[in-house]
Amino acid sequence: MPFKPFSTPNNRLNIPRTVLIGFGFFAGALLWALYNSFVPLLLKKFITSSAIVGAIMTIDNLFGVVFQPLFGAMSDRTKTRFGRRMPFILIGAPICGVLFALIPFTQNIFLMMLFIITFNFTMSAWRAPMIALMPDLTPPHLRSRANGVINLMGGIAAIIAFLGGGRLADVAGVEYAFLMGSVIMLISVGILFAGIKENKLLREMHFNVASSDNAASDNTTTSATITEHNLTEKSAAPAKAAIQVQTETTRKSKLATLNDVSNNLMSGLAAFHNLSGAQKTSLLFMLLAIFFWFCGYNAFETFYTSFAVTELNLSKGQATLLLAYFSVSFVVFAVPAGYLGEKFGRRKLILIGLIAVLLLFLGMAFSNFMLFLRIGLIFAGAFWACVTINSLPMVVELAKEKEIGTFTGYYYFFSFGASIISPILFGIIRDFTQTYQTIFVYAPVCMILAIICMLRVRHGDAQLQPVNKPGEAGNLSE
């Protein structure tokens, strides 16, 4: 008999149900944490160019942009006795588990690339349907709280990956860390399937929402919500991103047509055009800041284990364990960072976070002392939470309610662009300098550029005053 934690009133978040849904997110975050830590090291056995390794590590982002919206729309139109989303999860997750486990066992670069590409494609096939379960089964006014619970589970998955996977890699070998990830992922998906009966819960949602005059929200899945979870999935490993560019809204199980795409594009341009001149300037510099700081972070995330192995002479497991300090700190500080941003100002907290991360990166460049590196990563995780937790709210603060999806799309276009460009760009720099130490020059330069852009931002803080000037949204009180 499956667990049925479904008696929570409609105005309160059903925590047990949300946790059960979160097991799907947990499964994906666990695999991405291991993938991003170990795959660059495995590729280095066959490929000497860091630029090529960086390009390979962007495959997941490219596939996310191209295929995830397609499979998300396809799941909108699917009808089975298991539900709309669950068939994609039940088929895609086991295939991913097998492919993931096989990656470290390959002794041939062509076979490894076959497994990597197929794994990334299959992840794209079930990740969007899996993430869509939360907005499907959660009332609209409770989705932010549910997102917090699910993000926490993603962070826990990253910690398990870094601590358990790192230790197992040292004791038994990298192959067993991948096997551990596959087994835990399959168990997590099994818990999701056993605890969440999608069709039954959708019927309950339709009944409850209809009684609250909000039935329409159950038939609409926002791509912005899906994309928000993808960011945290990869950024929780640590804080990964994971990050998607998708259309404004996928409406009522319709296949997107060329006309739909054109309308969404025009809607996005119109939303920007409707801003005041000052708001446009703030938004543009905010998006540029997001691009630059994710350029720095994504290079650090992709190549830090390579730096630790080659420059610090650590084992692969020890290098991965170092990232656990960053991830634990990020998870612990994620909720306080949001609270502090609302209390003292998002812009101020982001600037403090960027300056602190900049100084910590510079400090780590001049020290190989392990205790200092661990402490530095702990503080870097906390200050990075100050940056990333408050950045999306700053962007959507400028949006009208009906334009939130569009502004979320702006955010993910720039952050996803950084995750595609930066690993390749730093890989080229590393090939030229022949040292991973340059990551502590590259990342600080990116943070400096982000700080310069943030200093030009004058809109996007929480609206502390009940009344704003006409045409203004979320002005900063200086």
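Here the Cβ of each residue, glycine as well, is placed from N, Cα and C on the backbone.
Please treat TrEMBL annotations as automatic predictions, because they have not gone through curation.
Taken from TrEMBL, the feature domain 'Major facilitator superfamily (MFS) profile' applies to 17-461.
What TrEMBL lists as transmembrane segment is 20-39 (among others).
Residues or ranges marked as transmembrane segment by TrEMBL: 51-74 (among others).
Per TrEMBL, the feature transmembrane segment maps to 86-103 (among others).
Per TrEMBL, transmembrane segment is recorded for 109-126 (among others).
The feature transmembrane segment is assigned by TrEMBL to 146-164 (among others).
Listed as Cβ neighbours of the transmembrane segment (176-196) (distance under 8 Å, sequence separation of 6 or more from its ends, same chain) are residues 2-3, 17, 20-21, 23-24, 26-28, 30-31, 34, 38, 86, 89-90, 93-94, 96-98, 100-101, 103-104, 133, 137, 160-161, 164-166, 168-169, 317, 320. Sequence annotations record features per position, and here TrEMBL assigns transmembrane segment to 176-196 (among others).
The annotation transmembrane segment is assigned in TrEMBL to 283-300 (among others).
According to TrEMBL, the feature transmembrane segment maps to 320-340 (among others).
Within the same chain, residues 289, 293, 296, 300, 311-312, 337, 340-341, 379-380, 383-387, 390-391, 394, 437, 440-441, 443-444, 447-448, 450-451, 454-455 sit at least 6 positions outside the transmembrane segment (349-371) and bring their C-beta atoms closer than 8 Å to a C-beta of that stretch. Per TrEMBL, transmembrane segment is recorded for 349-371 (among others).
Residues or ranges marked as transmembrane segment in TrEMBL: 377-398 (among others).
The transmembrane segment annotation in TrEMBL covers 410-429 (among others).
Residues annotated as transmembrane segment in TrEMBL: 435-455 (among others).
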Using Cβ atoms only, state whether the transmembrane segment (377-398) and the transmembrane segment (146-164) have three or more pairs under 8 Å that are 6 or more apart in sequence.
no
